[in-house]
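Below is one structure; the comments refer to it alone.
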Amino acid sequence: MMIVDDVENGSLGPYQDRPRTFPNMRSKPYTPLIFRILMGINVRILVILLLLGFGYVFYIGASTSPIIVFVFSVCIISFLLSIYLTKWVLSKDEGPPEMAQISEAIRDGAEGFFRTQYGTISKMAFLLALVILGIYLFRSTTPQQESSGIGRVTSAYITVAAFLLGALCSGVAGYVGMWVSVRANVRVSSAARRSAREALQVAVRAGGFSALVVVGMAVIGIAILYATFYVWLGVDSPGSMKVTDLPLLLVGYGFGASFVALFAQLGGGIYTKAADVGADLVGKVEQGIPEDDPRNPAVIADLVGDNVGDCAARGADLFESIAAEIISAMILGGTMAQRCKIEDPSGFILFPLVVHSFDLVISSIGILSIRSTRDSSVKAPIEDPMAILQKGYSVTIVLAVLTFGGSTRWLLYTEQAPSAWLNFALCGLVGIITAYVFVWITKYYTDYKHEPVRTLALSSSTGHGTNIIAGVSLGLESTALPVLVISVSIIAAFWLGHTSGLVDETGSPNGGLFGTAVATMGMLSTAAYILTMDMFGPIADNAGGIVEMSQQPESVREITDVLDAVGNTTKATTKGFAIGSAALASFLLFSAYMDEVASFANESFKQVDIAIPEVFVGGLLGSMLIFLFSAWACSAVGRTAQEVVKEVRRQFIERPGIMDYKEKPDYGRCVAIVASASLREMIKPGALAIISPIVVGFLFRVLGHYTGHPLLGAKVVAAMLMFATVSGILMALFLNTAGGAWDNAKKFIETGALGGKGSDSHKAAITGDTVGDPFKDTAGPSLHVLIKMLATITLVMAPVFL
């Protein structure tokens, strides 16, 4: 990353001579290569190319199924709506010049880091693609692939192409999340000068743009891949692949999305929390200056981190969640349809795509339901933003129930079991209720309107140690209710599916696992609105920083403080939601892995016996992986934060005029330190996650070969995946909730409670918030991505373990 000379040397002149001016992080704006190519094409040629692209998409869709055409149509309409939202947000003014200058500094720092980070990730993705290609070229083929004429070479190239496409789409999803946030933050700041409701609406619509694009890309990417393989391989024609086996070819797409999401979450999480911790420890605790004060040398790095950690990483994260859930549900739907001899299995296979197409529709209605009021003034009483967002979520939930029921009747009705669709509709209702309860539980434990956070804040009045003890105990307690909810939902959905009336050739019920898959779809049926609420958080946080740095009136800062506090709750809520969906999706991928192993081994593989010593050891290794990964992620934040703390202290010592506004801090130096350190630190935990299951599976495969247990490697990996999922869910719940509660306990004190800002209680709460930062924004979010990536990597690498 290039830093302009005056930033690098700190030769900006006295602070009072250049009031409210802020440096750019690079010497010239950066535009991604793909956009530079598109902007260089003649408009007419570009229109023709787009029409040809649409024509191809709808041609393969029509050649596959009318359902695919419906999915394509909804996705394209949602993209058009996202363009409208973008224009609406960008039409808002950026406020006074000082606001625009700060926003440009944040934008340039974020885009510079994104370019470097994703350049590193893309190199690792190509290297892993070559490894996958080599494995698939020398692996055995399943009987189904042999009968359909798909050899090793074709299978290898299909998997690698799907992997790279998933990685590319995940990267684009991350860029979209960051692109809108760095342009919306200043517009929210400007809107806050007029009214809280308008600022809320701008932040929500900016988040809505990102959400619609992310979910739409996940759906249309899988739909295009499915339709292309369907047409290219001549599926269901004599001597070719059956449509029920086709979803297995999409697994590489989910792995590519998981791979990028993990490194995006790690790198972005390390960046944002290292900068945040460094800024808070020296600025707020040692120097006693407010959060986001322009005198803090790390403040720009902190605000950049909100965008690369919370927006770009979360976009890639939710993209991966949806892709993994859709693919696993398609696999289970196809398997069930094949076993139950259903005449037209396409409805069961394509059902997940339709559910998420309706998700785009209902979430759009929920987003547009949040409007500004006529009383548009700062003096108007501030409404509770959380209540407004909850109303939009309630609208989305009601519509989700209606559309889900209609979708099950449309696609899951079969003459073999006329009432099965109703059972599956109830499975979806279980998932929707689970999502709503998860949102409520997380809100209860992280919102300072409720007792847990207020009790945590009260513990700050007796010192730093009691704050830490109370926060840890709150996080541990918060794992109980979500686990009970997940347990009830899995069992309820399984038995609703099991009693649906769908049976195999032997008369055995066969809909249990698919019922769980439908519940997972129900839980994610409002994913676009949930992501909107998540994106709202960092945009509001950035807006507050811009207001503070540009020294706006206190009434404006009050509005952004309220939005920021609600944003902390919505971010924690989304993380809780993501953990719940990760638990269900991992369960589905685990089932798909066992089916995949059975296909390759050509023998039954339905149970994993942990009484076998080697299998039990695999489980221990899976649990150990979660703790070691979390430790490395948190220590990476700690090491990087130490560098920031040293740099900020150095600047305060060497430039004493900073505190009197006589010298300008060197913001660019902190940005450069955090960027380089986060890219370096993300490699070790990421490599651990990818290499561990492959090495463990291969070693125990070799051991099984010499001891006469041919499936030992696959069984050990299954136990490793099972234990890692259970441990990871609990650890992620603890980390996310404890971190969110510590943050909002600090916010509660900053409202004036327990002595307010600058009090001993406030300093103790800052310590707790500092401890919780790597918990909630680095290790916690990375864990639920890790859980799903372990499931997809074992599914893709299953031949290695046999």
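Glycine is treated like the rest: Cβ placed from N, Cα and C.
According to TrEMBL, the features are:
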- 65-85: transmembrane segment (TRANSMEM)
- 158-182: transmembrane segment (TRANSMEM)
- 202-226: transmembrane segment (TRANSMEM)
- 246-264: transmembrane segment (TRANSMEM)
- 348-372: transmembrane segment (TRANSMEM)
- 392-413: transmembrane segment (TRANSMEM)
- 420-441: transmembrane segment (TRANSMEM)
- 480-499: transmembrane segment (TRANSMEM)
- 511-531: transmembrane segment (TRANSMEM)
- 576-594: transmembrane segment (TRANSMEM)
- 686-704: transmembrane segment (TRANSMEM)
- 716-735: transmembrane segment (TRANSMEM)
* Structure fact -> Long-range CB partners for the transmembrane segment (348-372) (under 8 A, at least six residues beyond its ends), listed in sequence order, are 65, 67-68, 70-71, 74-75, 77-78, 81, 85, 195, 197-198, 200-201, 204-205, 208, 211-212, 215-216, 218-219, 222-223, 226, 243-244, 246-247, 322, 325-326, 329-330, 333-334, 336-337, 342, 388-389, 391-393, 395-396, 399-400, 403-404, 407-408, 410-412, 428, 514, 517-518, 521-522, 524-529, 532
* Structure fact -> Tertiary contacts of the transmembrane segment (716-735), defined by C-beta under 8 angstroms and 6+ residue spacing from its ends, are 475-476, 478-479, 482-483, 486, 575-576, 579, 582-583, 586-587, 590, 593-594, 597, 608, 610, 614-623, 625-627, 630, 692-693, 696-697, 700, 775-776, 779-781, 783-784, 786-787, 790-791, 794, 801
* Asked: Any residues 6+ beyond the ends of the transmembrane segment (392-413) with a Cβ under 8 Å from its own?
  -> 67, 204, 347-348, 350-351, 354-355, 358-359, 361-363, 365-367, 369-370, 420-422, 424-425, 428-429, 432, 436, 439, 518, 521-522, 525-526, 529, 533
* Asked: Which residues of the same chain, at least 6 past either end of the transmembrane segment (686-704), have a Cβ under 8 Å from a Cβ in it?
  -> 128, 259, 262-263, 266, 614, 618, 621, 625, 628-629, 632, 710-714, 716-717, 720-721, 786, 789-790, 793-794, 797, 800-802
* Structure fact -> Spatial neighbours of the transmembrane segment (511-531) not adjacent in sequence (6+ beyond its ends, CB under 8 Å) are 207-208, 210-212, 214-215, 314-315, 318, 321-322, 325, 328-329, 332-333, 336, 340, 348, 351-352, 355-356, 358-360, 362-364, 366-367, 392-393, 396-397, 400, 403-404, 408, 420, 423-424, 427-432, 434-435, 438-439, 489-490, 492-502, 573-574, 577, 580-581, 584-585, 587-588, 591
* Structure fact -> Sequence-distant residues near the transmembrane segment (576-594) by C-beta distance (under 8 Å, 6 or more away from its ends) are 251, 317-318, 321, 324-325, 328-329, 331-332, 431, 434-435, 438-439, 441-442, 482, 485-486, 489-490, 513, 516-517, 519-520, 523-524, 530, 605-606, 718, 721-722, 725, 728-729, 732-733, 736-737, 781, 784-785, 787-788, 790-792, 794-795, 798
* What residues in the same chain, six or more past the boundaries of the transmembrane segment (246-264), come closer than 8 Å to it by Cβ-Cβ distance? -> 117-118, 120-121, 124-125, 128, 132, 155, 158-171, 174, 218, 221-222, 225-226, 229-230, 233, 235, 312-313, 316-317, 319-320, 323-324, 327-328, 330-331, 333-334, 349, 592, 596, 682, 686, 689-690, 782, 785-786, 788-789, 792-793, 795-796
